[in-house]
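Sequence annotations record features per position, and here Swiss-Prot assigns signal peptide to 1-22 based on sequence analysis. Swiss-Prot lists Asn31, Asn38, Asn88, Asn299 with the feature N-linked glycosylation site, giving sequence analysis as the kind of evidence. Annotated disulfide bond per Swiss-Prot: Cys78-Cys89, Cys128-Cys136, Cys138-Cys155, Cys208-Cys222, Cys210-Cys217, Cys282-Cys313, Cys298-Cys308, Cys312-Cys352, Cys328-Cys343, Cys330-Cys340, Cys335-Cys336, in sequence order. Among the features that Swiss-Prot reports, O-palmitoleoyl serine is placed at Ser214, with the record citing similarity to another entry. Feature annotation from Swiss-Prot assigns sulfotyrosine to Tyr274, Tyr281.
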Amino acid sequence: MALIRHCVTLLLILCCSRLCGAIQWLGLTVNGSRVAWNESEHCRLLDGLVPEQSQLCKRNLELMQSVVNAAKQAKLTCQMTFSDMRWNCSSVENAPNFTPDLSKGTRESAFVYALASATISHTIARACASGELPTCSCGATPAEVPGTGFRWGGCGDNLHYGLNMGSAFVDAPMKSSKSGGTQATKMINLHNNAVGRQVLMDSLETKCKCHGVSGSCSVKTCWKGLQDLPHIANELKSKYLGATKVIHRQTGTRRQLVPRELDIRPVRESELVYLVSSPDYCAKNPKLGSYGTQDRVCNKTSVGSDSCNLMCCGRGYNAYTETIVERCQCKYYWCCYVMCKKCERTVERYVCK
């Protein structure tokens, strides 16, 4: 019996590693930052890459520093975006070894997949424009005719290249015939990856710089650039809040994802989807991937998700005072510096019981 339990445990671990394989690369922040990325052998030595991604790594070594940067940005942006929620994305720091909140097809994993997918393409697209990559350059000049008073110029983000390379990297584990995991899980992961990239594409906007005597802006040079990651993450957060729970069922001659509650319609390409309902994240429960909200900072005057009532799940909160030092009474002196005094201020903080 002990041997059987051991084998079952190993199978579950293997299955979990495949289920969340497409975001294991977020673990590259642990050891990828110390790699010079000048030898293909580095690719197989790193935690966080499944075999298909290791092959892509070997063929595209010059991209890997951008991939590491994307992993850092995705983890940081996720935690900033959810800092006011019970689930605050802190578990993403465990990459490449995830807890159930990110390994079981939850609403939270849907967000992280989408954000990671958008971030890697965003980072590569901007690396092209900044001249960091030898294999790409500025984005193509838009085909649309420029409007009155501006011309196309500058160096736009290379979204086309970013999407191609980013999708190849994050989608590889689900498209491999050798990968484990259920067909339903592969489908929702690919779907949520695509949602992330679509939000990224929708963020492409025209950016301009003025030219003219004394800043008159008689002529503007414009290019296509992506909005910053916090904007993209907030768009995805809105989709997270309205995500659709789905089931995998036979529809005609093939199996499809359909909304569990509204299975009369297909899943929309623009919505995040998930398979497993999440806990309320109020109490610590490692089996569910919940860290709980004890000792979390809350906002006494807020009526949102960071309010002490919601954040603390009705358990109440403790108050304490803290003295902070900040700049004050600043004066500008010609030319050209600012001098400030240092002032102390006492603030009241609140933490959940």
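From the backbone N, Cα and C atoms, a Cβ is placed for every residue, glycine too.
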Alpha-carbon distance [Cys89 (disulfide bond); Tyr274 (sulfotyrosine)] in Å: 17
Under 8 Å by Cβ from Cys222 (disulfide bond), counting only residues of that chain that are 6 or more apart: Pro146, Phe150, Arg151, Trp152, Gly153, Gly154, Thr206, Lys207, Cys208, Lys209
Three-state secondary structure, Asn88 (N-linked glycosylation site) (per DSSP): coil
Nearest of the recorded positions (Cys210, Tyr281, Asn299, Cys313, Cys352) to Cys343 (disulfide bond), judged by Cα-Cα distance: Asn299
Disulfide-bonded residues (Cys128, Cys282, Cys343), the one with most neighbouring Cβ atoms at 10 Å: Cys128
Helix, strand or coil at Tyr281 (sulfotyrosine) [DSSP, three-state]: coil
Rounded Cα-Cα span from Cys335 (disulfide bond) to Cys89 (disulfide bond), Å: 46
Spatial separation of Cys330 (disulfide bond) from Cys308 (disulfide bond) - C-alpha basis, Å: 35
Other CB atoms, at most 10 A from the CB of Cys89 (disulfide bond): 23
Within 10 angstroms of Cys298 (disulfide bond), Cα basis - disulfide-bonded residues out of Cys136, Cys155, Cys312, Cys352: Cys312, Cys352
